[in-house]
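A.B. asks: Here it is: the structure, laid out below.
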Amino acid sequence: MGAPPGYRPSAWVHLLHQLPRADFQLRPVPSGFAPQEQEYQQALLLVAALAGLGLGLSLIFIAVYLIRFCCCRPPEPPGSKTPSPGGGCVTWSCIVALLAGCIGIGIGFYGNSETSDGVSQLSSALLHANHTLSAIDHLVLETVERLGEAVRTELTTLEEVLEPRTELVAAARGARRQAEAVAQQLQGLAFWQGVPLSPLQVAEDVSFVEEYRWLAYVLLLLLELLVCLFTLLGLAKQSKWLVIVMTVMSLLVLVLSWGSMGLEAATAVGLSDFYSNPDPYVLNLTQEETGLSSDILSYYFLCNQAVSNPFQQRLTLSQRALANIHSQLLGLEREAVPQFPSAQKPLLSLEETLNVTEGNFHQLVALLHCRGLHKDYGAALRGLCEDALEGLLFLLLFSLLSAGALATALCSLPRAWALFPPSDDYDDTDDDDPFNPQESKRFVQWQSSI
């Protein structure tokens, strides 16, 4: 099959494509991209379910750890203010985990941007392909209308002027037949006219979904960043209420991180299967949606020497007919104008129409060549399966770092806030200290009584 320009599956695609797949009954499933088949759908759902399994194991581990911490902690002697051994290690482990989470957030922002760039490249390729197809339809319609107008007006007028000379009328009628033949052949070149599938609509739908996906990830990243920063602030200020609130928020973000991880993993595996051999699926799907012949679709999607141009015969016949019209008009101008001066005006108008038609014809030849649309196809593949897939892998790394960091923080935070001094300890200050809040209050009352 013809490879689009720059079409090279990456090492990540090969690695993900080689991963084993199974359905809900744990039976092996082929790695070919077949989203319409139930077994393949179950295989992707099973990949996503692995993240749910990881979430369940994380919650069980955190629950067991916290229960052991609460139930098996030795009682502190009354009035003891000596910090328990290992308290500093617990706090620092929590801080390191949160800093690792911040690094993961940076990776997540980069991955989100890469994914958005890849989807934008896909949308741009679809818009460019839509422009090419619209230009073909417009040129065909304009040329056919111009030829029809010439047949109805100039050629009819010319036949009326040349009526005394039957051989000249026969030549004019020959030009009419050739013009009608050209119009008929050109109408068959607008292969996308009336097709229900619109690349413009697909691009708009893709952009619409991508906007909400990008926004959702930005909100998730910002939420985790705020949780990490406020947790660090609570640890620095030894604020129990802030740390408790951030612990609850960390649990929420942990669930969201595992959920996004499952979605990213399933999408990455599906994209790798698609990108390993995209041509058969794209050909079949486009043929189902458009109803176009496989010859036309194979010519544009494969674009190699093994597939001939399905419009070559129409283009050849149109070019020959235009050449015949040109020679007939030259003969009429040479024979008829000296005898019928009034024939010069319709002949000049016909020559002008012929020149415009030939110009449009050469543009159609260039637009109908497979290079342009095949290049758009390659750009769409590179955007979706290189940039977008790379971004998904970075988002997957972010979710993994986030889940690990938050799980560590959830285990460490309860032990950290247990080491915070109680609020009563702040009242145990020297009465002679001028910065003592109680002493400052008595000083203000003394000044007001003077």
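Residue numbers in this text run from 1 along the chain shown.
Using N, Cα and C of the backbone, Cβ positions are placed for all residues, glycine too.
These numbers come from a predicted model, not from an experiment.
Pulled these features from Swiss-Prot for this protein:
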{"type": "DISULFID", "residues": "CYS303-CYS370", "note": "disulfide bond"}
{"type": "CARBOHYD", "residues": "ASN130", "note": "N-linked glycosylation site"}
{"type": "CARBOHYD", "residues": "ASN284", "note": "N-linked glycosylation site"}
{"type": "CARBOHYD", "residues": "ASN355", "note": "N-linked glycosylation site"}
{"type": "MOD_RES", "residues": "SER440", "note": "phosphoserine"}
{"type": "REGION", "residues": "428-450", "note": "region 'Disordered'"}
{"type": "SITE", "residues": "ARG165", "note": "site 'Essential for the formation of the channel-pore'"}
{"type": "TOPO_DOM", "residues": "1-43", "note": "topological domain 'Extracellular'"}
{"type": "TOPO_DOM", "residues": "65-88", "note": "topological domain 'Cytoplasmic'"}
{"type": "TOPO_DOM", "residues": "110-214", "note": "topological domain 'Extracellular'"}
{"type": "TOPO_DOM", "residues": "236-240", "note": "topological domain 'Cytoplasmic'"}
{"type": "TOPO_DOM", "residues": "262-390", "note": "topological domain 'Extracellular'"}
{"type": "TOPO_DOM", "residues": "412-450", "note": "topological domain 'Cytoplasmic'"}
{"type": "TRANSMEM", "residues": "44-64", "note": "transmembrane segment"}
{"type": "TRANSMEM", "residues": "89-109", "note": "transmembrane segment"}
{"type": "TRANSMEM", "residues": "215-235", "note": "transmembrane segment"}
{"type": "TRANSMEM", "residues": "241-261", "note": "transmembrane segment"}
{"type": "TRANSMEM", "residues": "391-411", "note": "transmembrane segment"}
A.B. asks: Using C-alpha atoms, which one of the recorded positions ASN284, ASN355, CYS370 comes nearest to ARG165 (site 'Essential for the formation of the channel-pore')?
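C.D. replies: Sorting the recorded positions by distance from ARG165 (site 'Essential for the formation of the channel-pore'), the top entry is ASN355.
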A.B. asks: Within 10 Å of the Cβ of ASN284 (N-linked glycosylation site), how many other Cβ atoms can be counted across all chains shown?
C.D. replies: 13
A.B. asks: Give the one range among 89-109, 215-235, 241-261, 391-411 whose Cβ atoms make the most pairs under 8 Å with those of the transmembrane segment (44-64).
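C.D. replies: Per the Cβ under 8 Å count, 241-261.
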A.B. asks: If you run through the topological domain 'Cytoplasmic' (236-240) with DSSP, how many residues end up as helix, strand and coil?
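C.D. replies: In the topological domain 'Cytoplasmic' (236-240), the DSSP-based counts are 3 helix, 0 strand, 2 coil.
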A.B. asks: Can you check how the pLDDT averages out over the topological domain 'Extracellular' (262-390)?
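C.D. replies: Taking every residue in the topological domain 'Extracellular' (262-390) and averaging pLDDT yields 90.
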A.B. asks: Translate the DSSP assignment of ASN355 (N-linked glycosylation site) into the three-state scheme.
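C.D. replies: In three-state terms, ASN355 (N-linked glycosylation site) counts as helix.
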A.B. asks: Are there residues at least six beyond either end of the topological domain 'Extracellular' (1-43) with Cβ under 8 Å to its Cβ atoms? List them, or say none.
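C.D. replies: Beyond its ends, the topological domain 'Extracellular' (1-43) has Cβ neighbours at 268-279, 281, 301-304, 306-307, 374-375, 377-379, 381-382, 385-386, 389-390, 393.
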A.B. asks: Of CYS303, CYS370, which of the disulfide-bonded residues has the most Cβ neighbours inside 10 Å?
C.D. replies: CYS303
A.B. asks: With Cβ-Cβ distances below 8 Å as the criterion, list the same-chain residues six or more beyond the ends of the transmembrane segment (89-109) that contact it, or say none.
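C.D. replies: Residues packing against the transmembrane segment (89-109) from afar: 217, 220-221, 224-225, 228, 231-232, 235, 394-395, 397-402, 404-406, 408-409, 412-413, 415-416, 419.
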